[in-house]
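Only one structure is covered here, and it is reproduced in the block below.
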Amino acid sequence: MGETEKRIETHRIRCLSKLKMFLLAITCAFVSKTLSGSYMNSMLTQIERQFNIPTSLVGFINGSFEIGNLLLIIFVSYFGTKLHRPIMIGIGCVVMGLGCFLKSLPHFLMNQYEYESTVSVSGNLSSNSFLCMENGTQILRPTQDPSECTKEVKSLMWVYVLVGNIVRGMGETPILPLGISYIEDFAKSENSPLYIGLIETGAIIGPLIGLLLASFCANVYVDTGSVNTDDLTITPTDTRWVGAWWFGFLICAGVNVLTAIPFFFLPKTLSKEGLENDADIIKNENEEKQREEDKKEKYGITKDFLPFMKSLSCNPIYMLFILISVIQFNAFVSMISFMPKYVEQQYGKSSSDAIFLIGIYNLPPICIGYIIGGLIMKKFKITVKQAAHIGCWLSLLDYLLYFLSFLVTCENSSVVGINTSYEGIPQDLYMGNNIFANCNVDCNCPSKIWDPVCGNNGLSYLSACLAGCETSIGMGINMVFQNCSCIQTSGNSSAVLGLCDKGPDCSLMLQYFLILSAMSSFIYSLAAIPGYMVLLRCMKSEEKSLGVGLHTFCTRVFAGIPAPIYFGALMDSTCLHWGTLKCGESGACRIYDSTTFRYIYLGLPAALRGSSFVPALIILILLRKCHLPGENASSGTELIETKVKGKKNECKDMYQKPTVLNDDELKTKL
C-alpha cells in the first residue's frame, strides 16, 4: 500500500470514528435534555402543591421552557451551521445544567413545607380540638394574623423555577437543529434515517430515566431529613403530599454538564460518509475551508438568511407540515404534561405510581417504534411519497385507537358535602354544596380546610370534624376516628385518614388505559421517523438547519407555550375544592370533577388531532401530482418542491443522493 493510500485509509477511519463519536455524544445530549424535560413534566403536580398555585400558572411555568427556546432558535439554527456546531451544542448542555440548578434553589431558600390540616402533626395529640366538640373552638384555622400573612410571599419562589426553565430552554436550543443537520451533512443519505432513529432512541431513554427518577423523588417527602416523617398525617396518595422535587433537578444539572464535555473535542466539519476514499478529498479540504472563509468575509454571514426564509415560506409541503406539527403538538404537549395528574385524579393513584406506570408502559414501545421505523426506512429505501403515506395512515390508526380511552373510566370519588350528600346521593342527583348537616352543625368545624377521612360506610368527608367524629386513637397516619355521628352505619361508625379507595374495578380500568396508551405510543413512534424524513427531504440541503429550526420555532410559539396554559385553565375549571392558605386564600386544587376532567383531557386533543388530517391529506395529494425525475428504489432520498402556478403544478427535484465523482470530474467541480 502506497503512502497516498495509507493517508486516505487513515483519513477515512478518522472521519468515520469522529462521526460515530459525534453520534454517541449527540445521543447522550438527547438523553440528558429529555431526562431534564421529562423530569420537569413529571414534577408539575409537586411544584403546584409546593407553591400552592393553580394549574394554569403551572402550565405557564412549563411553557416558559419554550419561551427560552424560541428566543434563540432561529438564529442558532441559521448561524450555527456557519459556526462550530459541536462546541455550540456543548455550551448549550452547560446552560441547561445551570437552568436545572436554578430550579432547585427555592427548596434551599424556603422554610419547611406546611400542608393544611385540622390534625396536629407535632405528635402531641392530647388535645382533641380537631374533633367534633360542641361549643368548642378549632385552633387550626386560616389565620388573619398580618405577620403570618406576610410569610405567604414565599410562594413567589416559583419565579426561580420559571427563570430556571427559561434558561434550560435557551440551553437546549442548539441540540436538535445543529445535531440533526450535522448528521445530515456528513452521514450517507441512506444511513441518515437509521442514525436519526438511534438519536430518537436516546430521546426515549432519557425520559425513561427521568420518569424513574421522578417516581423515586415523588415518593420521598420534600423535607425528608429535616422532619420526622413518622409524625406525618398524609401519604403519597394524598393531594397535599409534596415529594422531593428539588433533588432530581440537582441530578439533571450534573448530567447535563457532564454531557457537554465530548463536544468540545469534536471537529467543525467532516468528510461526507462514503466519500472518504476519494483521492482528491484530502487534498482539497483545506482549499474548501479557505473558500468558505473568503466567502464569509466577502458577502457576510447573513447574506442567505432572507432568501432561505423566502424559499421555505414558498414551499407548500414544508408549510403544511408545520401546520400539522402545530396542531398535533397542541394535543400532545397538553396530554404529556398533565398525564400524571390525569392518572392521579381518574384512577386514584399517587404521583409516584402514576409517573412510574406511565414510564414503564409507554417509553419501551416508543423506543422500539423509533428503531423499527428507522430500519424500515433504511432497509426498503422508502421514498418521500411512501414515507408520507406511512406516516399519515399510521397516525390515523393511532387516532382511531385513541377513542377507546373514553371507555376506560372510573367514577368520581364520593366526598360528602362536595359531590355527594350526607345521605350518599351522588353528584348527578345531589343538587347543592352543603358542607354542614344536622350531625355536625354544632361541632364548630372549619369548612374550607382539606383534611379528608374515609368512613367505614365507603364515603369520604372533608375532615374528621365534619364527619362528626368525637374520639380518636393512634398517632400519625395510623390514627383512627370513632363515634362519628355523620357516618351512617349499622355498627360503630369510624373513619381513617385519607380518601376512600376507588376499588378493584378502577384498578382494572387503569390497566386497560395503560395498555391502550402503550399501543398508541408504539404506532405513533413507528410513524414518527417517516414523517420526520418528509420534513427533512422537502428542503434544499443548505436550508435544512434553518428549516428544522423554523419548524421547532413555530411548534414552540403556537403549541409549546400556549397549550399548557389554556389546558391548565380548563382543568382549573373542573376543580371541586381548592386548598386554603393561612390567610384564607385559595391554594392548589385538591379534588376535580373526574368526569368533566376526562372529557377535557381526552376530548380536546381528539378534536385537535382530527383537524390535523386535513393538511396531511393535502400533502398526499400534492405528492401524488408531482413527478420525481428518475425516482426508483434507490432514489428514496430525493426532495421535491411544489410550485402552484395557475392550474399547473411544477415539481422540481431539489436534492439527490450524492454521487461519487472520478478524479477529472471532481477537479472540474472544484
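Cβ from N, Cα, C; glycine included.
Remember, TrEMBL labels are computer predictions, not curated facts.
Listed in TrEMBL:
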COILED    272-302  coiled coil
DOMAIN    22-627  domain 'Major facilitator superfamily (MFS) profile'
DOMAIN    433-488  domain 'Kazal-like'
TRANSMEM  21-40  transmembrane segment
TRANSMEM  60-80  transmembrane segment
TRANSMEM  87-105  transmembrane segment
TRANSMEM  157-183  transmembrane segment
TRANSMEM  195-222  transmembrane segment
TRANSMEM  242-266  transmembrane segment
TRANSMEM  317-339  transmembrane segment
TRANSMEM  354-376  transmembrane segment
TRANSMEM  388-408  transmembrane segment
TRANSMEM  512-536  transmembrane segment
TRANSMEM  548-569  transmembrane segment
TRANSMEM  600-623  transmembrane segment
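Between the transmembrane segment (242-266) and the transmembrane segment (388-408) there are fewer than 3 Cβ pairs closer than 8 Å, counting only residues 6 or more apart in sequence, so the two stretches are not in contact. The list of residues near the transmembrane segment (512-536) in space but at least 6 beyond its ends in sequence, with Cβ under 8 angstroms from a Cβ of it, reads 180, 184, 192-193, 196-197, 200, 204, 317-318, 321, 343, 347, 357-358, 361-363, 365-370, 372-374, 376-377, 382, 384, 386-388, 390-392, 394-395, 397-398, 401-402, 404-405, 408, 544, 547-548, 551, 619. Away from its own ends, the transmembrane segment (21-40) comes close to residues 62, 65, 86, 89, 93, 96, 100, 103, 165, 168, 172, 175, 179, 182-183, 195, 198-207, 209-211, 213-214, 248-249, 252, 255-256, 259-260, 262-263, 266, 270 of its chain (Cβ-Cβ under 8 Å, at least six residues beyond either end). Counted over residue pairs separated by six or more positions, the transmembrane segment (157-183) shares at least 3 Cβ pairs under 8 angstroms with the transmembrane segment (60-80), which defines the two as touching. Beyond its flanks by at least six residues, the transmembrane segment (317-339) meets 41, 44, 55, 59, 62, 354, 358, 534-535, 538-539, 547, 550-551, 554-555, 558-560, 562-564, 567-568, 571, 601, 604-606, 608-609, 611-612, 615-616, 618-619, 622-623, 640-642 of its own chain at Cβ-Cβ distances under 8 Å. For the domain 'Major facilitator superfamily (MFS) profile' (22-627), the predicted model reports an average pLDDT of 83. Between the transmembrane segment (195-222) and the stretches 87-105, 354-376, 388-408, 600-623, the greatest number of Cβ pairs separated by less than 8 Å involves 354-376. When Cβ-Cβ distances below 8 Å are used as the criterion, the transmembrane segment (600-623) is approached by residues 316-317, 320-321, 323-324, 327-328, 330-332, 334-335, 338, 342, 384-385, 388-389, 392, 395-396, 399, 402-403, 405-406, 534, 567, 570-571, 574, 640, 642, 649 of the same chain, each at least six residues removed from its ends. Through the fold, the transmembrane segment (87-105) approaches residues 26, 29, 32-33, 36, 40, 68, 76, 80, 160-161, 163-175, 178-179, 246-247, 249-250, 252-257, 259-264 of its own chain, all at least 6 residues removed from its boundaries and within a Cβ separation under 8 Å.
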